[in-house]
Amino acid sequence: MAQLGAVVAVAASFFCASLFSAVHKIEEGHIGVYYRGGALLTSTSGPGFHLMLPFITSYKSVQTTLQTDEVKNVPCGTSGGVMIYFDRIEVVNFLVPHAVYDIVKNYTADYDKALIFNKIHHELNQFCSVHTLQEVYIELFDQIDENLKLALQQDLTSMAPGLVIQAVRVTKPNIPEAIRRNYELMESEKTKLLIAAQKQKVVEKEAETERKKALIEAEKVAQVAEITFGQKVMEKETEKRISEIEDAAFLAREKAKADAECYTAMKIAEANKLKLTPEYLQLMKYKAIASNSKIYFGKDIPNMFMDSAGGVGKQFEGLADKLSFVLEDEPMEADSEN
């Protein structure tokens, strides 16, 4: 009875161990591949719990999401014979799920060592061997990342389709201490040169600013002077216009005054001409004789009145004609002057 219990206990333990080894879990973002007797099985499994034959079947979980492989301490010899070391090179990649079986079959589950690590060493050594230390360390360093990515992806497209390189990051290489100090000194001098150049640019900028300020100030003064000059010109033109208006008004007044005087003289002349009749002249003669205080005696006194009446009348008529002619000519001359 005791032996039976021992057998049952051993059988139960074996069953539990078999069950425990048969059940396995695949994490999200991974694909499970299976080996039986060392041979890779064609079947794969996704995330979750799965069963397999215990003891004779084993599995490996292959990541299909983005992962970063680090390649450390990669030696590299330049074309000048200087040995440098890259401390760390990071390769970001991912595996397409449907390509897991083919890649694991051809390159094992540790495919990254064969496809990525070895390729990084090879490409870096080829790059360094055709470039100088100056080019690798400074001039072409920014191109190493992209060149490595393109070279890796080109080979993987033909050798392992489904393995995609997302990015490559390369750290600054370690160079011999003496050379590094020279580069640091060179960078220091270059920095000083850049600082001096920037100071010169600042001085030039300040001078340019001062020049622009002076130019703006001169333009402002010129504009003010131009405006002032324009105001003075306008004032002079206004004064000239006012003077012309006053002169025109004065000339009009004088002309009107002269016309009035001429008209008055003409009317007086016409009135005088109308008065110079023989009867009026005879009357004026009698008044003149009557007002004369001297008295003449003699026999010719009556004849004097008779004979002289005609002569005096003719004289007064001639005088009136001359006066009328002169008065008529004066308006014409005044009109011609106007």
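Easy rule for this one: first residue shown is 1, then count along the chain.
Cβ from N, Cα, C; glycine included.
The N-linked glycosylation site feature in Swiss-Prot is assigned to N106. Among the features that Swiss-Prot reports, N6-acetyllysine is placed at K267, with the record citing similarity to another entry. Here Swiss-Prot flags 177-309 as region 'Interaction with ERLIN1'. What Swiss-Prot records for 25-338 is topological domain 'Lumenal'. Annotated transmembrane segment per Swiss-Prot: 4-24, in sequence order.
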### Query
Could you state the CA-to-CA distance between the residue listed as 'N-linked glycosylation site' and K267 (N6-acetyllysine) to the nearest Å?
145
### Predicted model, mean pLDDT over the region 'Interaction with ERLIN1' (177-309)
83
### Task
With DSSP as the reference, give the number of residues of the region 'Interaction with ERLIN1' (177-309) in helix, strand and coil.
122 helix, 0 strand, 11 coil
### Cβ neighbour count (within 10 Å, all chains shown) around K267 (N6-acetyllysine)
11
### Query
Where does the residue listed as 'N-linked glycosylation site' sit in DSSP terms: helix, strand, or coil?
helix
### Query
Relative to the Cβ position of N106 (N-linked glycosylation site), how many further Cβ atoms are located within 10 Å?
12
